[in-house]
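Pulled from Swiss-Prot:
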type	residues	note
TRANSMEM	9-29	transmembrane segment
TRANSMEM	108-128	transmembrane segment
TRANSMEM	160-180	transmembrane segment
SITE	Arg200	site 'Important for ion transport'
BINDING	Lys208, Lys704	substrate binding site
BINDING	Asp211, Asp215	Mg(2+) 1 binding site
BINDING	Asp241, Asp472	Mg(2+) 2 binding site
SITE	Asp245	site 'Important for ion transport'
SITE	Asp252	site 'Important for ion transport'
TRANSMEM	259-279	transmembrane segment
TRANSMEM	288-308	transmembrane segment
TRANSMEM	359-379	transmembrane segment
TRANSMEM	413-433	transmembrane segment
TRANSMEM	442-462	transmembrane segment
SITE	Lys502	site 'Determinant of potassium independence'
TRANSMEM	508-528	transmembrane segment
TRANSMEM	644-664	transmembrane segment
BINDING	Asp671, Asp697, Asp701	Ca(2+) binding site
SITE	Asp705	site 'Important for ion transport'
TRANSMEM	710-730	transmembrane segment
SITE	Lys716	site 'Important for ion transport'
TRANSMEM	735-755	transmembrane segment
Amino acid sequence: MQDLNAVQSLAVWAVLVISLLGIGYAFFIRSQILAQDTGTPKMREVWGFIKTGANAYLSQQFRTISILIVILTFVLAASVFIIPPTTEAVERFGSKEAATIWVAIGRAVAFLMGSLFSYAVGFVGMNVAVEGNVRVAAAARKGYNPALQVAYKSGSVTGMLTVGLGLLGGTLIFMVFGIAAPDALLGFGFGGSLIALFMRVGGGIYTKAADVGADLVGKVEAGIPEDDPRNAAVIADLVGDNVGDCAGMAADVFESFEVTLVSALILGLVLGDAVVGTIGDGAYDLRFIIFPLVLRAIGVVASVIGNLFVTTDERKRNAMAAMNRGFYIAAGLAIAASAAATPVFMVNEATGEVDWRPFFATLSGVVLAIVLDKLTEYFTSTHFSPVKETSKASQTGSATNILSGLALGMESSVWAILVISASIFTSVLIYAGEPAATQFTAILYGVSLTGIGMLLLTGNTISMDSFGPISDNANGIGEMAGLDKNARNVMDDLDAVGNTTKAVTKGIAIGSAVIAAVALYGSYFTDVNKVLQQMINEGRQGIELLASINVAAPPVFIGLLIGGAVPFLFSALTIRAVSRAAAQIVNEVRRQFRIPGLMEGKVQPDYARAVQISTTAAQKELISLGLIAVMVPIIVGFTLGVEALGGFLAGIILTGQLMAVFQANAGGAWDNAKKYIEEGNFGGKHSEPHKAAVVGDTVGDPLKDTAGPALNPMIKVINLVALIIAPIVVTIEPGSPGVIIAMIICGAALVWAIWQSKRESEALKEIAQAPASAD
């Protein structure tokens, strides 16, 4: 770790130790969870079905994507011969030959590490959630606080593993590569983002195919309660909560956590180079890199302390207040510690002045997370007028319910983008006094710190999100196992709170994805200009640095239009996948309802068939949607040029954010409008307004849990691909034969991916046509 002073070196080692302690704390909590009671034999039987289905899904998913991960690992290692090491890498390792070897190894290992860490977060998080749900149901028989403790601690395992592994990866790469860290960090971010995309898409399709199928036949047609054991899709629905809301969400936020760190380190290095001497002179001010690492470590410690305050008593029975208390205590500690760290790590050694601007940029991120939290709650909670209006609209049928939800979702996306824009503008104001030569980079560095501040309490955020599916599963197990009324009341209350926490954390996940994408967008400019500057230094004529992108230029405008269209294509394909699989589930549940004795409870449904349908449908889409995310920026960049690729990224960020918020909040509002009616309003359960609300909820399910969340990792994957290929796009001749041939191949792969995603699965046909074991 060259060029670090004694305090900075000590800080980096402390950050490494804290990341390991965070991981250790996660496994300590896991051991506490596993020591809890698993309940009655009937509870363990239902739990066994869920556990088998969840593990089978993730195992099959790993087999599906592992081949692609291995191929991309070798591609990134070989990319060093196309994208040569940076001047920083040559300086760090002493020669171009040594740098080539180290960068090849670094890109491949970092990509593999990012992939494995992201998968580990999803797999372990889901595994602990599955282990926790039956124990929450068992604890509910003892009281409210015991059940709350088990549910929240089960989610805390995922939260602490997310922050521990994310911080560990970034710190290790910096310790090994130093000023050459960006050469490897992009691989780390790309690996995590790609796995998050697979987890989000696969988990979202799985969970909503089962959920939509179970609701349409069970609630609407047969009129039986949710989680009724006679419904053949009920186990697939419960499994889906784990693979979608636990594994998928954990990998998604892990990706944002590491990508904001990656962008902060890349921009911090550029800024640290610019403020000392001249750019490229080998002198760096590394405080801009150390500070983000220290902030992340502070967040880990604050999350651990905050978790200790999540408790309530049998008299108050307020889980939401307990979790909010833990979050706000952690936030207060994190802000205070960040302020205390600023005079230590952000001192200009030349002047002795403390630079408080990074702290204020970080603080704006914490504020942004809280504001988005409240904004999402306003548009999706039963306590506020938007959801009540959607419930009221159900009195005149499902059409007015759906129209009300659509309007609500559209309006909410406007307010969300205004809030995010305000946070970005805050960074502009904070760095308004920065010299013109470094102002652009400094502003974007501030945006990356806003993202770090927003995810400073990732441990608490993930804990609250995972609390939702864990309590939902526990409630389902309690329903199917026939637990007593007191235990059911406890689980009903925790389930209702869990629905709120899931909706709120979705808003934070979307906001963090956009902030991360904007920071990566800034990294795109700095990377392009580094290559252009190197070409100028080599004496190339007619080359200018990329100061801005001219939207009036036809190629840029075309790129902007294509970028704006991609989120719609992605959403269309994921929703269609849910629709196809849900149709198969509907047919299967209808068929099993006709089995003699099943509706009377004398015959057990064949749960495995619905699980198999959902699993097969989810795996079918993974590679094709992954190819779309990787191929489109490559085609745009090499066909239209580097400025057009910048316009393309701007279009992706804008419409991706609007679509993600619209779909998440509209779906959340439809869900809670149904629950508001089920509480006894506008006729209550089994009334005509309730049936209309169930239809609205069913329409909203794939929006809020599949298409909307899948846009988060898609935006970041596309931005990272653009960052990786930017040095080639700048230097290569667009019309050369090699480029034309490569674009034809990429275009063919893209067409195949879209066709593959749209066609009906032969495997699903075979499952539907196969004889059933329960007949």
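Glycine too: its Cβ is placed from the backbone N, Cα and C atoms.
In this chain, the transmembrane segment (413-433) lies close to the transmembrane segment (508-528): three or more C-beta pairs between them fall below 8 angstroms, excluding pairs fewer than 6 positions apart. Closest in space to Asp701 (Ca(2+) binding site), of the recorded positions given as Arg200, Asp215, Asp252, is Asp215, taking the CA atom of each residue.
In the set Arg200, Asp215, Asp252, Asp671, Asp697, Lys716, none of the recorded positions has a C-alpha within 10 Å of the C-alpha of Asp241 (Mg(2+) 2 binding site).
Most Cβ neighbours within 10 Å, among the recorded positions Asp211, Asp215, Asp697, Asp705: Asp705 holds that distinction in the structure as shown. Residue density at Arg200 (site 'Important for ion transport'): 30 other Cβ atoms are found within 10 A of its Cβ, drawing on all protein chains shown. Candidates Asp245, Lys502, Asp697 (recorded positions) were compared with Asp215 (Mg(2+) 1 binding site); those inside 10 Å Cα-Cα are Asp697. Measuring Cα to Cα from Lys502 (site 'Determinant of potassium independence'), the recorded positions that fall within 10 Å are Asp245, out of Lys208, Asp211, Asp245, Asp472, Asp697, Lys716. Same-chain neighbours of the transmembrane segment (644-664): 376, 409-410, 412-413, 416-417, 420, 503, 506-507, 510, 513-514, 517-518, 521, 524-525, 528, 546, 549, 551, 553, 555-568, 571, 633, 636-637, 703-704, 707-709, 711-712, 714-715, 718-719, 722, 726, 729, counting only residues six or more beyond its ends whose CB sits under 8 Å from a CB of the stretch.
For the recorded positions Lys208, Lys502, Lys704, Lys716, the ranking by surrounding Cβ atoms (within 10 Å, all protein chains) places Lys716 first. Residues 182, 249, 252-253, 256, 259-260, 262-264, 266-267, 270, 365, 368-369, 372-373, 376, 416, 419-420, 423-424, 440-441, 443-445, 447-448, 450-451, 454-455, 461, 465, 546, 642, 645-646, 649-650, 652-653, 656-657, 660-661, 664, 708-709, 711-713, 715-716, 719-720, 722-723, 726-727, 730 of the same chain lie 6 or more positions beyond the ends of the transmembrane segment (508-528) yet place their CB under 8 Å from a CB of it.
For the transmembrane segment (259-279), the list of distant contacts is 88, 166-167, 170, 174, 179, 181-182, 185-186, 188-189, 192-193, 285-289, 291-293, 296, 437-438, 441-442, 444-445, 448-449, 451-452, 454-455, 512, 515-516, 519-520, 522-523, 526-527, 530, 533, 716, 720: same-chain residues at least six beyond its ends, Cβ to Cβ under 8 Å. Only residues 6 or more beyond the boundaries of the transmembrane segment (735-755), in the same chain, are considered here, and those with a CB under 8 A from a CB of the stretch are 569, 573, 623-625, 627-628, 631-632, 634-635, 638-639.
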